Amino acid sequence: MKPVWVATLLWMLLLVPRLGAARKGSPEEASFYYGTFPLGFSWGVGSSAYQTEGAWDQDGKGPSIWDVFTHSGKGKVLGNETADVACDGYYKVQEDIILLRELHVNHYRFSLSWPRLLPTGIRAEQVNKKGIEFYSDLIDALLSSNITPIVTLHHWDLPQLLQVKYGGWQNVSMANYFRDYANLCFEAFGDRVKHWITFSDPRAMAEKGYETGHHAPGLKLRGTGLYKAAHHIIKAHAKAWHSYNTTWRSKQQGLVGISLNCDWGEPVDISNPKDLEAAERYLQFCLGWFANPIYAGDYPQVMKDYIGRKSAEQGLEMSRLPVFSLQEKSYIKGTSDFLGLGHFTTRYITERNYPSRQGPSYQNDRDLIELVDPNWPDLGSKWLYSVPWGFRRLLNFAQTQYGDPPIYVMENGASQKFHCTQLCDEWRIQYLKGYINEMLKAIKDGANIKGYTSWSLLDKFEWEKGYSDRYGFYYVEFNDRNKPRYPKASVQYYKKIIIANGFPNPREVESWYLKALETCSINNQMLAAEPLLSHMQMVTEIVVPTVCSLCVLITAVLLMLLLRRQS
């Protein structure tokens, strides 16, 4: 083990005991607040095109960077899985609409596949009419069920040809191609879609796609690639917003925003100024990286200071963080009609008191250490702990930091245990109860929260984790070619929250929990019978036709023998 890693490990071991001692939960954090959400509050669930649709090469769709990434070799995705079929959502629209109605949601957040609409990524070259028809039919089906579509333009599945020709988001020309794609979507669907999201979690898209290489396109341009990609994504967002504002807003009366994911960063020791600064730095490098240019016109000052200083220490003449011109700052500032927030968990943050020897990177630029409390409930994914109070703090931070914007929670949820096939997900119920209640407290604090999207409708392809992490309200049996869906206990619980528009009283809320667990036992029996049903299906589809063919053959032989005897 290298000396620097020994020092890191010892430092973290010394910090862990401080977590419980330095911070004690306030009565306000521990208490449950019974009450309802404002009238008109919108409840929903979400998904994304690449994770659920399948049909990766059907009806004129072009390849995406994720198609190529998952097809190009072993070790990139757990189990070497692909999303070629995924949930088969392309062919199961009506079935999934029934699930949405069963949940009683007000809205459904989904993404459009850029390469399904524009196979080469460039509008001037080719528009896929079948792609237009597919999404148009989906939108109509939602509206006919009184479900509002909230549409994401880009959720990570960039057309592969744009990556090959131009280097993807490393090239500023992507901003114009994205604007053209956005205009196509506004033109085709804007008469019915009134809530648009330009990008979903662009921070992860930039960091994992252009720094760590864990996501498509798999580039490892450490310390530079992610900042350049983010710079161009922010410009692309602004161009799409201005196009809508100039050309479409007066006709369509819709809203355009962006969805940014961020965990809450809590200082290990609130009496230590260094920890307070580190926690603030964590939030600015996470949320402020994209939100600050959109709401204030430029990157957070702490990002410019830290990356600039480290770039100089590394012998570079210019900062690795790109610079916006004065004209660009003015153009980008104010380009959001609402702030979309995604949030899953919390980290304790402390300053890093030792030098990093790993070279330039996003992680090293921040000069901080992330920790978790060993007492926090550990959920399915290794990174995901249930810490509801962090949600309220993030919502209040965003509210004050960015000038009281309308906020839509666009992602919040918990993953299933690894390869778990149980439908009694009571731990997810506890997660939902805690996090939604903290959101209610944030509204009580004064946060202008308009809606909540739980992640996600279905179990689906989870990027480099394949199908191992299950976030869905509905369990999907991926080993069955029909991809059947089964409701988990959390379906019943979330539905009750939606119908009641919150948590009316202790007795009623407790009854929801008991009812949810009762129904899941029946659903588990259905799921347990699935192997037998699959076997029966195999018998029906393979054995029976084979036997029939043999019967026909034997009959023909007997008939020939009979004819020979008669002759």
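Glycine residues also receive a Cβ, built from the backbone N, Cα and C atoms like all the rest.
Annotated features in Swiss-Prot:
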CARBOHYD  N80  N-linked glycosylation site
CARBOHYD  N171  N-linked glycosylation site
CARBOHYD  N245  N-linked glycosylation site
SIGNAL    1-21  signal peptide
TOPO_DOM  23-541  topological domain 'Extracellular'
TOPO_DOM  563-567  topological domain 'Cytoplasmic'
TRANSMEM  542-562  transmembrane segment
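Distribution of Swiss-Prot features across the structure.
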residue: N80; record: N-linked glycosylation site; DSSP (3 states): helix
residue: N171; record: N-linked glycosylation site; DSSP (3 states): coil
residue: N245; record: N-linked glycosylation site; DSSP (3 states): helix
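The Cβ neighbour count for N245 (N-linked glycosylation site), using a 10 Å radius over every protein chain in view, is 14. Each of the glycosylation sites N80, N171 was scored by the other Cβ atoms within 10 Å of its Cβ; the lowest score goes to N80. Restricting the average to the topological domain 'Extracellular' (23-541) gives a pLDDT of 94.
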